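Participant: Sending over a structure as structure tokens; questions will come in a sec.
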Amino acid sequence: MNRLPNIAKPPQKSNQRKEKAPPEVPALIADKDRGTYYEKGRFLGKGGFAHCYELTNRATREVVAGKVVPKSMLVKQYQRDKMTQEVQIHRELGHINIVKLFNFFEDNLNVYITLELCARRSLMELHKRRKAVTEPEARYFTHQIVDGVLYLHDLNIIHRDMKLGNLFLNDDLVVKIGDFGLATTVNGDERKKTLCGTPNYIAPEVLNKAGHSFEVDIWAVGCILYILLFGQPPFESKSLEETYSRIRHNNYTIPSIATQPAASLIRKMLDPEPTRRPTAKQVQRDGFFKSGFMPTRLPVSCLTMVPKFGGHETSMMEENVAPRGVDARSQRPLNGRAGLSALPQHIVSNNADRERAQQQAAEATFREPEDAYLSQLFHQVAVLLEQRIPGLEEEEAALDGYQSPECLPVFWISKWVDYSDKYGIGYQLCDNSVGVLFNDNSRIMLDQAGNELTYIEKSNKEHYFSMHSGEMPGLLNKKVTLLKYFRSYMNDHLVKAGEGSEQRAGDDLARLPTLRVWFRTKSAIVLHLSNGTVQINFFNDHVKMMMCPLMQAVTFIDQNKRMLTYKLNNLQRNGCPEKFLHRLKYAKTMIERLMSDANVVSQNPARQPDMPRSMAAARSASAGSRGPNQAASHLPQSASGSNIHPRR
């Protein structure tokens, strides 16, 4: 076992900067004790005194998360002792639901902790995008959280800061408990007296300074389950004082939509008397986890879209030919599913459970606004632009200081092919799934593995099929053939966004966002996805921007393929360079057009008022596009494309 270093006391400075400026981090970081060198990669986020970066082991090429704490933030002895204790507790842990800590070292400037990389961020970002999740998803996440808590408690460790933001997700959406800054060990019946935690999750015995132990983690898990199911903390209010009062008086309400097993478990975990709360082992065995089906895996799409828990469709309504156009309507309840007997076997329980989960998924979708968040996004951008936004003298340095990479969109369009003169627009999402928005307002989407197909009628009724099941109705043959042609063309003639992937467990539950509305101007193509993301690709300099109303953030992909993500309120507070500000002003106009002129766009998407007809056949300036004479034989020469997949 490697020795824990004693954190050296940093030199005192006469003028310490109060602002949380990014630490000075060398491009090559040396762990001299182990002879290991790390290359600093992209910025991952910040919290407290720490900034996190992707670090690549120079020898093995293994990528880890590097937590960097400037020594200037560790001036006092208690600060250094606290960090040493955090590492001492965390480094001995080894469990699938605990973030793995690899090493701990320092140089003259910083202290470094290398950790398991959790590429899908945390449950906090899931919450911001989804608010409430379905009960099967809540079982999936909560059961893993409890498994991790049980492991800690068996080692006499209390986490003491269990919350959505400390529950991280890897690429397989496995929950990983992290941030052991407040963790402590207890012996026997010892009760801790420290007032610590996060307001919405603090147990009453902590507030009352009555002494606390393992039960505070159970209380926090109760709060987490409540948030997952109902979209907000049980004791949240407009003021901290009122929140604490509600916690002390156990003043909360379980919504009537809750199932009995869920409500029962929440009440047990939020019992004001700590000794009456269940242990982690008892929670693990609670009937809630057996009261309905629980997925063994979830698709990445659940970070932004409700999964499809229903079966595949077996019959369809006949469709009439509609005018060419794009969909300007909202996603509606998923009332187009087939019988529940077609559910994947790894999530099947009994009929009542399946029906309830299906209804919950439909209810979750119904809560989406009819305009797919367009008015919400317009308001956010308008408020930003109404304020006096500070200028930036050193643009690049300032921008790097307040990025919010946790707000990066889950999905964006990486390729597109416009053939709306005849069929519609084809596109590829960043995960390599492919879709088409047809001129009759119907939509089709094929997952990255080429197995799971979704068809959405112009009425927004959804149907699901397996490409290899033989159950595809003949009515869809032409559209599936066109989808394959679009897919083949983008793979063969546009710069690849990545290789295809094999299907993984849980992918059969995926509901992917689809292109809802689009149009082209002389300057850009404007795309609106069904999950609320608005994307604008500028033709002249190939800069792209994606705006998410749920995260209240904007992501730019610049000419150098760098992805830069900022919260809108940070741009207002800290400043926005002109190179981005004028694009936000343009975006406001385009969002307004998406809201007010969708009916005009739907009549003829290939001939916009400000775009000459010849533009419909012109190719945008993309390094990944080829000339018309090189087009695939099954796609006409008027197809155009633009590749925006960034190199990270």
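Glycine is no exception: its Cβ is also placed from the backbone N, Cα and C atoms.
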Participant: Please pick, from Lys67, Lys71, the residue that Swiss-Prot records in the ATP site together with Leu44, Gly45, Lys46, Gly47, Gly48, Phe49, Ala50, His51, Cys52.
Facilitator: Lys67
Participant: I'd like the Cβ neighbour count for Gly48 (ATP binding site), meaning other Cβ atoms within 10 Å of its Cβ, all protein chains included.
Facilitator: 11
Participant: Of Leu44, Lys46, Gly48, Cys52, which is closest to Asp161 (active site, proton acceptor) if I measure between C-alpha atoms? They're all binding-site residues.
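Facilitator: Nearest candidate: Gly48.
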Participant: Could you give the mean pLDDT over the domain 'POLO box 2' (514-596), rounded to a whole number?
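Facilitator: Overall, the domain 'POLO box 2' (514-596) comes to a mean pLDDT of 93.
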Participant: Could you put numbers on the helix, strand and coil content of the domain 'POLO box 2' (514-596), residue by residue per DSSP?
Facilitator: 26 helix, 32 strand, 25 coil
